[in-house]
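In what follows, a single structure is set out as structure tokens and then discussed.
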Amino acid sequence: MKVSVLITLAVLGVMFVWTSAAEQEDHGSDRRDSPALLKNLLGEEVFQSEERACRELLGGCSKDSDCCAHLECRKKWPYHCVWDWTIGK
């Protein structure tokens, strides 16, 4: 019984990957949801507003000022921005 369930799940997984690949091939290199395309359409001003003047949202950092508001640089490795447990402006 367990083997037949595992085989069924494996077949369904392979079919999903196969149909997804076929659908991607039908559409070609359609990049409608690409972040680069959104930046080109909306312009840099949308992504660089005064409110978002921070350098790192959740990426690497070396000091607290590298992170966005309400985030701080983690003190131990791996260094990245984490929530500093504050809310509000």
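Glycine residues also receive a Cβ, built from the backbone N, Cα and C atoms like all the rest.
Of the listed cysteines Cys54, Cys61, Swiss-Prot assigns the disulfide bond with Cys73 to Cys61. Of the cysteines listed (Cys54, Cys67), Swiss-Prot assigns Cys67 as the disulfide partner of Cys81.
In this structure the C-alpha atoms belonging to Cys67 (disulfide bond) and Cys73 (disulfide bond) are separated by 7 Å. Rounded to the nearest whole angstrom, the C-alpha distance between Cys73 (disulfide bond) and Cys81 (disulfide bond) is 5.
Working note on the recorded positions Cys68, Cys81, Ile87: by count of other C-beta atoms within 10 Å of each C-beta, Cys81 ranks first.
Within 10 Å of Cys81 (disulfide bond), counting CA to CA, the recorded positions Cys61, Cys68, Ile87 contribute Cys61, Cys68. Note: the CA-CA distance between Cys68 (disulfide bond) and Cys61 (disulfide bond) rounds to 11 Å.
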